[in-house]
Amino acid sequence: MTYSYEYLSVDVDEKMINNSKNSSSLEIEEDELTQSTLNDKIDIKDEVKRKRIYWIDALRVFSNYLVILTHISLRYDESDLGSYTWYVNTFYNSSSRACVPLFIMISGILFLNPKKELSCKKMYSKYILRIFKSYIFWSFIYNAIDTNVSSYFFDRSKFKFDKKLIQDTIKNFILGGGHLWYLNFIIGLYAATPIIKKITPDRFITWYACIIFIIISQFVPTLNRILTRLYELKEFSIIQDYVDGLKFEMAGGYLAYYLLGYLLNEDYLNKIYIYITYAIGILGVILTYVFRCAYAFHINNKDEYSFLDFNFFTITMISVGIFTFFKYTLRPKINNLVTKYNFFEKALIILSDNSFGIYLIHLIINRVFNLILPLNMFEPLIWTPITAIIIHLISLTIIYYLRKIQLFREVMEVNVN
């Protein structure tokens with residue numbers, strides 16, 4: 001997170017000091033003035049540190065909503081391939097896949113700024129340790145309790161408490177699974193951050209690394225998937241085989257998102273480029289939806305998600321479009337709302353500060369809510385996004401009050417300041 005500020009400075013007129021008869025008195029006054037100035041510096045620095053960048057808060061909240069929307073829109077098992085419900089939910093799922101890339105881009109803003117001091121000790125003690133504790137807690141909740149309890153009450157005929165169940169529970173607890181994969185990924189990304197930060201002072205090298213990762217880990221695999229799966233041009237797979245042989249992917253497209261978040265935040269675009277990125281984002285939504293539908297019909301499988309991978313190049317297009325839209329178009333509007341309405345600022349901060357906990361708990365809320373009001377009971381075009389809002393608010397309410405308890409606060413928040 002980038003802040004800019006200037007220290008106050010005080011110039012002392014040397015002639016006045018030399019001509020003074022009471023030099024010791026002036027020295028005392030100068031010392032007092034210097035100390036006062038130092039205190040002013042500290043106050044200004046503290047004030048700047050406390051300043052929030054509200055468009056990033058809003059982007060985090062929106063990304064969190066997209067996570068919930070993408071999971072809800074997957075719940076159309078009973079809808080047939082090509083049905084109205086399938087088309088609607090496929091669109092919502094395709095257009096919301098930028099959720100995780102946006103989270104990673106936000107992390108890039110917060111951690112990759114060369115001016116932000118970030119030692120290995122601080123990274124592990126302040127960030128990684130807390131995420132790991134969250135992973136242990138929520139992996140136990142989902143894999144040891146939620147899965148087994150759900151099986152016992154809702155599919156008791158297949159539930160059997162035996163050695164295999166214990167082994168599977170332990171295995172799933174260690175590996176996490178589901179949406180908890182993101183916590184493991186973030187631990188790895190944060191562990192590598194002190195290394196990655198070494199290149200960010202050089203803007204050219206940072207852009208070079210970002211573009212290389214986009215080409216190798218996103219564009220080429222996307223092109224290969226379109227040609228070999230959708231058009232069945234198997235001979236083009238040799239391109240992907242060659243790229244795989246380079247062993248250059250590292251963290252792949254995810255690292256590209258990390259660098260891209262930092263770079264897009266630091267570099268300012270003129271109006272024409274801003275509109276181009278908006279067009280790229282809209283085109284990304286259209287292409288993701290078209291490829292997803294076309295391939296599902298091609299293989300006659302409504303549950304095929306090959307073209308919804310987070311590293312699919314069209315998802316990158318959507319992510320860049322949304323990121324730019326928040327930074328340039330929504331930022332002044334958000335700042336204006338924050339200035340005018342105190343309740344808006346409070347609501348935004350509460351939603352943003354609780355986003356990590358909402359992400360962790362929303363699948364449980366989603367499952368329970370779906371038992372009460374199945375998604376296919378209502379008009380999907382309206383009900384799907386409304387359901388996401390309801391689950392978001394229910395999750396927020398639960399997390400908000402749980403975080404007031406120290407034990408739960410430790411596994412429901414990550415301080416990124």
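Positions of Cβ are set from backbone N, Cα and C atoms, glycine also.
As written in TrEMBL, here are the features:
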DOMAIN    53-398  domain 'Acyltransferase 3'
TRANSMEM  53-74  transmembrane segment
TRANSMEM  94-114  transmembrane segment
TRANSMEM  135-153  transmembrane segment
TRANSMEM  173-192  transmembrane segment
TRANSMEM  204-226  transmembrane segment
TRANSMEM  246-265  transmembrane segment
TRANSMEM  272-299  transmembrane segment
TRANSMEM  305-326  transmembrane segment
TRANSMEM  347-369  transmembrane segment
TRANSMEM  381-402  transmembrane segment
Segment proximity, the transmembrane segment (305-326) to the transmembrane segment (173-192), 3 or more C-beta pairs under 8 Å: no
Contact between the transmembrane segment (272-299) and the transmembrane segment (347-369) (3 or more Cβ pairs under 8 Å, separation 6+): no
Contact call for the transmembrane segment (94-114) against the transmembrane segment (305-326), three or more Cβ pairs under 8 Å: yes
Segment proximity, the transmembrane segment (204-226) to the transmembrane segment (347-369), 3 or more C-beta pairs under 8 Å: no
Sequence-remote partners of the transmembrane segment (381-402) [C-beta within less than 8 Å, at least six residues beyond its ends]: 64-65, 68-69, 72-73, 88-89, 92, 350-351, 354, 357-358, 361-362, 365-366, 369, 373, 375, 408-409, 412
Averaged pLDDT score, the domain 'Acyltransferase 3' (53-398): 89
